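Listed in Swiss-Prot:
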| type | residues | note |
| --- | --- | --- |
| BINDING | Arg14, Phe15, Ala16, Pro17, Ser18, Glu50, Tyr187, Arg205 | L-glutamate binding site |
| BINDING | Cys106, Cys108, Tyr129, Cys133 | Zn(2+) binding site |
| BINDING | Lys246 | ATP binding site |
| MOTIF | 17-27 | motif ''HIGH' region' |
| MOTIF | 243-247 | motif ''KMSKS' region' |
Amino acid sequence: MCVPSTPQPPVIGRFAPSPTGPLHVGSLVAAVASYAMARRQGGLWLVRMEDLDTPRVVPGMADDILRTLECLGFDWDGDIMRQSRRADAYGAALQRLLAAGHAYPCGCSRAEIARAATAPHDGDGEIPYPNLCRRGLPPGKEPRSFRVRVPAEPVEFTDLVMGPQHHDLPAMCGDFVIKRADGLFAYQLAVVVDDEAQGVTQVVRGADLLSSTPRQIVLQRLLGFDTPVYAHVPLVTGPGGGKLSKRDNALSLAAGRDLTREGGMLLLAALRFLGQSPPAELAGASGARVLRWAAGNFEPSAIPTAAAPFHASP
């Protein structure tokens with residue numbers, strides 16, 4: 001008797017830029033990797049605008065980013081999700097966490113946390129929360145933000161690029177904020193709710209977000225959500241060798257370039273940065289043609305792990 005095989009669910013990837021500045025080559029690398037890794041498996045590729053941090057959003061930048069993607073030859077599936085319109089969904093998730101005892105109000109200021117912290121931290125500006133409000137707000141304290149209770153056990157997962165991961169959240173960050181003192185929902189909660197709502201199964205993004213992944217996995221588990229597969233691609237370094245910033249205008253995609261004409265060249269450079277070997281005959285090809293090649297030939301195992309500069313020409 002022949003037993004029919006169970007159909008595999010479709011791969012759903014996404015690219016989620018923040019409209020706080022124009023796309024730069026670091027954004028391009030993440031977009032190419034997420035696009036190729038979804039399309040190579042016949043999957044969907046979604047675009048989401050992470051415009052949650054409204055004070056930092058540049059007016060008109062979301063549309064500028066979409067135009068840039070179109071000029072480069074990207075095509076996406078479905079409507080654009082915008083985080084700025086999803087406060088109700090984030091609020092519902094927060095209420096679920098509070099009702100289950102997984103989250104709590106916090107009345108601490110940053111200065112109070114810094115004074116109370118006794119554990120050493122890694123110097124990146126983040127101090128593990130010293131649990132001042134974990135058992136309830138002290139007398140006279142008003143809630144400023146909301147935090148999630150992180151588990152004592154480490155969070156482990158395997159990243160498709162960076163390999164096995166082991167993160168001790170209590171030592172790394174402690175109970176982290178999921179709704180900020182300014183009333184905005186935190187990125188960690190919003191992205192988890194959005195990935196679940198869109199059915200995202202594969203998250204491909206820059207290595208600067210690797211430390212966010214264990215936090216998001218904790219939230220997924222507490223909310224009963226599925227955990228996507230993660231792949232964190234190496235960062236593009238700026239002129240000084242550090243992480244590329246949106247302030248590095250020389251590496252902006254739109255800086256003095258005709259993207260319709262030069263898009264293919266930039267995409268080929270992004271593919272080479274990602275360890276791929278596009279054929280010589282693609283030199284001078286359109287962006288759409290280069291992306292078609294990437295969709296059929298991208299090899300995730302070739303992606304390097306180390307940050308490196310971006311070279312637009314071979």
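All positions are counted from 1 along the displayed chain.
From the backbone N, Cα and C atoms, a Cβ is placed for every residue, glycine too.
Distance from the CA of Ser18 (L-glutamate binding site) to the CA of Cys108 (Zn(2+) binding site) is 28 Å. The binding-site residues in question are Arg14, Arg205, and the one with the fewest Cβ neighbours inside 10 Å is Arg205.
Here the C-alpha separation of Glu50 (L-glutamate binding site) and Cys106 (Zn(2+) binding site) works out to 25 Å.
If you draw a 10 Å sphere around the CB of Cys108 (Zn(2+) binding site), it holds 24 other CB atoms from the protein chains shown. For Cys133 (Zn(2+) binding site), the Cβ neighbour count at a 10 Å cut-off comes to 22, with all displayed protein chains included. Long-range Cβ neighbours of Pro17 (L-glutamate binding site) (same chain, at least 6 residues apart, Cβ-Cβ under 8 Å): Leu23, Ser27, Ala31, Val47, Met49, Glu50, Ile65. Cβ environment of Ser18 (L-glutamate binding site): Met49, Glu50, Asp51, Asp53, Arg56, Val57 lie under 8 Å away, each six or more residues apart in the same chain. The secondary structure of Phe15 (L-glutamate binding site), as reduced to three states from DSSP, is extended strand. Binding residues for L-glutamate (Arg14, Phe15, Ala16, Pro17, Ser18, Glu50, Tyr187, Arg205) extend across at most 16 Å, taking the greatest CA-CA distance. For Tyr187 (L-glutamate binding site), the same-chain residues that are 6 or more apart in sequence and have a Cβ closer than 8 Å to its Cβ are Glu50, Leu52, Asp53, Ser212. Sitting within 8 Å of the Cβ centre of Cys106, Cys108, Tyr129, Cys133, and not among those site residues for Zn(2+), are the Cβ atoms of Gly107, Ile113, Pro130, Asn131, Leu132, Arg134, Ser145, Arg147, Asp175.
Its Cβ placed at the centre, Tyr129 (Zn(2+) binding site) has 22 other Cβ atoms within 10 Å.
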